Amino acid sequence: MQAIYSVIEAWNNGGTETKVYERSLAETGGVRIVMIKQNGRKGLLVEGTGELADALQGEAVQGGSVAAKLCPLTHENRLALNRFLPYTAPRAFGTGISTIGLGDRLGIASPGHIETVRGKDIRPILAQQSIRELNLTGRDYKEVLDAACYAAFQEGYKDGFGADGDHLKVEADIELALGLGFTMLTLDCSEHIDNTIEGLSDADILAKYAQVSPEIRSHYESRYLNRALEAAGTEFVFSPLSLAKNVLIYAKAIDYMEHIFRKYIQTAGREIDFEVSIDETLTPTDPASHFLIAEELYNRGVQLFSMAPRFCGEFQKGIDYIGDVAQFEEELKVHAAIADHFGYKLSIHSGSDKFTVFPMIGVHTKGRFHLKTAGTNWLEAMRVVARTNPDLYRRMHAYAYEHFHEATAYYHVKADLKAIKPLDSVSDAELPDYLNDDDARQMLHITYGVLLQAKDGNGQSLFKDEFFRSMDRNEEAFTEALIGHIGKHIRLLGK
Ligand SMILES: [Zn+2]
């Protein structure tokens, strides 16, 4: 047996119960390292002498006759791990392979996510948070990335994972995320998209367009006006009105995309998966607008990893697609063909639980897509709580019910709380069924921030500590739940 295991055996024999994450075992430059857990706390057990052992900070420990070092999962130790074991650092993927965003608001879902994608023809973006999510969970980008890197180490996952600064709008946040080593940037252009144009009359649109600077107008007119433009078998014709409308809505956003690309992506000195999102608009993205934005960006030399249009119908949090599936499929075909024509991937946001449309996404993107999920693993965590700690589940459910309106400030959902079965009519054994009910799912889905930040009169957390203790005792159950639920996503997407 390796010396590192005799340390653990000596501890276990001595009554200090130590769990070993076998898949993490790695050896480099004469140093062996493995992830362990004692008393609910994970750490890196390091044995042998060499550069990695020197680089990691921790305390000297003894197990039987073997000397070792036990290192906490700090940010500094994560950076050291990244240097010596490159698979523990995030990477960019380019456009050749499908990717799935698996945002983990809790910092404990990535091991299960890794087990879900392992061996599949798709790569995980394990770290993926928006500023809104960071604020609601009280976490920062360092913690988010640390958790993902340690998960890759814990699971010995060597196929690579990404880190996405999700829905970033301002340059300070972009700089922060890229400075921390994030490998993907999702640029949210919503503040540069003019949502007031859609409601104007044709005459008002043309009048407003007449006020746009002549340089910009002639730039767009010379390229697009009344010309037969074609991409992937679809012809796009821009009349004076439709061109005016697109310029008014999107020209500033296109300039902003180009600016961010030149300033941050081109100069990064490493590969960055650059996504632009135009999905936070009032109306679905017209395929012709998608085409014009892409054509314009590629003419300017901007290259994309992916683009997220807004699709018709509703992509609400945590539930299946709502809308006209046939119409969605027709528009999806064109959006996917445009993305394919330029070479980037179509990106689908709020992608969790959209089981009805997954098969067509897989088919029409020819199996090359980026799909974002974020909160659905939190719901799977709540399912584990419902099964293993019914008392805690009941208290959290009741609190979510009471405080639902606070969360609706951040998320738009259709949940009808009156349709949720009253808690006192439900037995403990039936509690997990709430996670199969759309109204209860959405209620729990959007109240994660409210629940995790809830405090009692003494400033003590109402649920957070107990929730994490409960999840810690049920790590395997959580992994199984994620393999089941996220696994269904991936299967239906054709991977
Ligand atoms: Zn989005």
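The backbone N, Cα and C atoms fix where each Cβ goes, glycine too.
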Record-annotated divalent metal cation site (TrEMBL): member among H113, H167, H489 besides K317, H349: H167
Taking only the CA atoms, the spacing between H349 (divalent metal cation binding site) and E275 (active site, proton donor), expressed in whole angstrom, is 11
Among the recorded positions D166, E275, K317, H349, the ones with a Cβ under 6 Å from any atom of ligand 1 are H349
List the residues in the vicinity of the divalent metal cation site, defined as same-chain residues other than H167, K317, H349 with C-beta within 8 angstroms of the site's C-beta centre. S130, D166, D279, F315, S350, K372, A374
Do you know offhand how many angstrom separate H167 (divalent metal cation binding site) and E275 (active site, proton donor) by C-alpha? 9
